[in-house]
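Undergrad: Swiss-Prot feature annotations, pasted as is:
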- Asp293: active site (ACT_SITE)
- Asn67: N-linked glycosylation site (CARBOHYD)
- Asn305: N-linked glycosylation site (CARBOHYD)
- Asn345: N-linked glycosylation site (CARBOHYD)
- Asn423: N-linked glycosylation site (CARBOHYD)
- Asn464: N-linked glycosylation site (CARBOHYD)
- 1-25: signal peptide (SIGNAL)
Amino acid sequence: MARIMSWHYGKAITLFVCLGPVALSLDTFPDCSSGPLSKLAVCDTSLDVTTRARSLVNAMTFEEKVNNTQYNSPGVPRLGLPAYNWWSEALHGVAGSPGVEFADSGPFSYATSFPQPILLGATFDDDLIKQVATVVSTEGRAFGNAGRAGLDFWTPNINPFRDARWGRGQETPGEDPLHVSRYVYHLVDGLQNGIGPANPKVVATCKHFAAYDLEDWNGVVRHSFNAEVSTQDLSEFYLPPFKSCARDAKVDAVMCSYNALNGVPACADSYLLQTILREHWKWDEPGHWITGDCGAIDDIYNGHNYTKTPAEAAATALNAGTDLDCGTVFPKYLGQAADEGLYTNKTLDKALVRLYSSLVKLGYFDPAEDQPYRSIGWKDVDSPAAEALAHKAAVEGIVLLKNDKTLPLKAKGTLALIGPYANATKQMQGNYEGPPKYIRTLLWAATQAGYDVKYVAGTAINANSTAGFDAALSAAKQADVVVYAGGIDNTIEAEGHDRTTIVWPGNQLDLIDQLSKIGKPLVVVQFGGGQVDDSSLLSNPHVNALLWTGYPSQEGGSAIFDILTGKTAPAGRLPVTQYPADYVNQVPLTDMALRPGSNTPGRTYRWYDKAVLPFGFGLHYTTFKISWPRRALGPYDTAALVSRSPKNVPIDRAAFDTFHIQVTNTGKTTSDYVALLFLKTIDAGPKPYPLKTLVGYTRAKQIKPGEKRSVDIKVSLGSLARTAENGDLVLYPGRYTLEVDVGENQYPTASFTVKGKEAILDSFPQPPETR
């Protein structure tokens with residue numbers, strides 16, 4: 001920790017700016033049994049959360065308050081308040097970050113590494129998501145209790161994956177707002193151990209609020225990008241996951257993003273942070289706080305040029321509702337801003353009370369023996385059950401994109417394993433990762449499966465050299481079957497780095513093409529979060545099978561070979577659209593519009609119909625027959641639907657109906673089946689009409705050959721409604737069609753009619769007239 005003297009006009013503030021991680025340790029939990037802190041009401045467990053937090057803040061000097069508005073808060077030694085680092089990460093397992101400290105060996109040197117969210121999204125399994133989050137929070141709490149992490153984690157990333165070029169799409173569960181909304185609801189439920197619990201296990205942080213999905217594209221960078229978004233698109237596409245997270249799942253923290261939204265930097269935007277988030281969604285309970293992304297407060301001044309001075313940037317963010325700075329603008333300049341009268345002490349106190357209320361709820365100031373989570377420790381990290389769950393999650397997410405009955409592989413024999421992922425380890429984790437105890441490589445898994453393996457890398461992810469081709473082709477000629485493992489990795493897509501193309505990088509397709517001409521069965525295993533154009537592989541009859549595996553993490557190799565060998569049948573579905581390569585020439589990444597226009601083709605499966613592979617696509621090793629029950633659907637009346645909604649439930653979350661379909665396994669292989677229910681209309685509400693909209697889904701487990709399974713899909717009123725130009729959520733009368741997309745060209749439909757008058761389910765707050 002460096003001690004820095006900073007003079008701001010009349011006030012001299014001693015800033016404690018941390019230059020390295022500040023981690024908790026068991027002996028630096030606050031001592032409420034003796035010492036100066038014990039004399040404050042913050043240690044009185046009989047009092048309410050806000051009163052306890054306010055007593056601590058009131059005991060601080062102005063200087064101490066300002067010092068503790070940064071992510072690596074130095075605490076207040078005078079009061080016995082220890083340092084605390086608010087920045088811990090756990091996107092798909094406890095991850096390396098300033099607040100997390102892994103040991104070099106032994107206890108706390110690793111944690112369970114689950115698949116990246118993009119692959120978790122492909123499972124379409126809400127129960128699984130909650131189970132994964134429960135394990136992650138348990139392990140995160142263990143690290144926190146041991147002084148190796150904070151008790152809050154800056155996860156999940158719930159910006160819908162709008163454009164395949166975005167470098168951080170791998171961190172999200174996909175492109176569909178309903179899907180992402182359900183994902184985050186169950187994830188937060190698992191992380192915090194309940195919906196709005198009084199005593200959360202850990203605090204989750206939904207990010208990045210809002211309309212953030214650009215890193216560095218053709219010279220446009222996230223630190224200065226102004227996302228121009230219509231009110232309709234904002235309400236319909238960009239905000240629903242955050243509404244689910246804040247209003248419905250009652251997350252304890254939200255992160256505002258780097259970008260500006262319609263001219264106002266997100267962390268300086270009271271319309272976003274106050275009007276929509278805290279007021280309209282009623283996200284205003286004790287312990288609910290907002291952090292800026294790391295450097296986002298500085299961007300208000302340096303990137304967006306929104307204010308003339310950094311002091312103005314600090315005050316503007318604080319006044320807008322940002323409580324914590326992941327940076328140093330708050331601690332360096334709030335003193336100057338106070339001198340200039342740019343904010344009130346009441347506003348500063350409010351931010352700090354929010355932050356410390358969160359720690360009070362976490363039991364940070366309570367006796368260890370009174371806290372249910374303080375006993376969690378190393379014994380609870382990477383348990384056999386956690387490892388099994390990591391394996392299950394990877395298997396469930398894998399998507400079969402092509403198969404001419406080559407899969408499952410029928411014999412052991414000799415297997416040529418070729419490609420840059422053939423023996424990959426850390427590559428399979430994606431980003432925001434932590435060290436796992438082990439990583440099962442494809443090479444390891446192939447050997448364990450009993451194959452005589454001939455392993456040759458052949459090429460690298462983005463290589464142009466063909467020096468390794470001959471060895472790869474030689475190995476393939478000696479094998480009974482060839483498995484090529486490639487795609488993209490974090491050298492191609494990453495935070496701070498968007499793609500400019502969506503083709504296979506380097507010379508990988510050239511090598512695959514040459515392998516396909518040898519005459520041996522060829523299976524391609526495609527890694528990566530963002531999709532690449534697979535047209536040439538799908539059309540090549542000598543590429544016999546194609547799998548997409550995302551970033552499967554520590555169990556990647558074994559999970560993939562479970563699918564390849566038929567130990568488990570594939571049932572994952574693409575959580576995004578796979579666009580043709582030329583799509584990037586039709587619309588810039590900076591264009592935030594979803595609907596097609598005179599110069600744009602439209603985005604996502606709802607508005608674009610020329611996909612190489614559509615959202616929700618996924619093949620199986622068996623066949624399924626889908627049928628609707630023998631009953632009429634509807635008609636429904638808008639007034640009746642609205643009037644029967646429970647008073648204590650937001651009307652858009654109220655039930656519309658539960659639809660029953662019958663799924664019959666007509667093949668010979670036991671398999672899961674993901675039922676995706678889409679809605680279409682051609683006359684309900686104003687044009688243009690989306691091609692279709694996902695309104696519900698469920699994953700039916702282990703349907704045996706010949707078995708008929710009744711599957712229920714619940715649909716909410718909000719899913720039936722459409723978003724008007726002003727952002728209102730409106731239930732329109734008209735004719736509707738339900739479509740079950742089974743991914744294999746079977747689209748059973750059912751129709752119904754909604755009668756009555758238009759009904760507004762949610763009146764969206766209108767932006768200020770100046771925007």
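Every residue, even glycine, has its Cβ placed from backbone N, Cα and C.
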Undergrad: Helix, strand or coil for Asn345 (N-linked glycosylation site)? Use DSSP.
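TA: Assignment for Asn345 (N-linked glycosylation site) reads helix.
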Undergrad: Quick check: of the glycosylation sites listed here (Asn305, Asn345, Asn423, Asn464), which one has the Cα closest to that of Asn67 (N-linked glycosylation site)?
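TA: Out of the listed candidates, the nearest Cα belongs to Asn345.
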Undergrad: Starting from each candidate's C-beta and looking 10 angstroms out, tell me which of the glycosylation sites Asn305, Asn423, Asn464 has the most other C-beta atoms.
TA: Asn423
Undergrad: Out of Asn67, Asn345, which of these glycosylation sites shows the lowest number of other CB atoms within 10 Å of its CB?
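TA: Among the glycosylation sites Asn67, Asn345, the sparsest Cβ neighbourhood within 10 Å belongs to Asn345.
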Undergrad: List the Cα distance (Å, whole number) between Asp293 (active site) and Asn464 (N-linked glycosylation site).
TA: 37
Undergrad: Taking the Cα atoms as reference points, how far is Asn345 (N-linked glycosylation site) from Asn305 (N-linked glycosylation site) in Å?
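TA: Here the two Cα atoms lie 26 Å apart.
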Undergrad: Give the helix, strand or coil assignment DSSP yields for the residue listed as 'active site'.
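TA: Where the residue listed as 'active site' sits, the three-state DSSP reduction gives coil.
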Undergrad: About how far apart, in whole Å, are the alpha carbons (Cα) of Asn305 (N-linked glycosylation site) and Asn464 (N-linked glycosylation site)?
TA: 42
Undergrad: Around the Cβ of Asp293 (active site), how many other Cβ atoms lie within 10 Å? Please give the count over every shown protein chain.
TA: 23
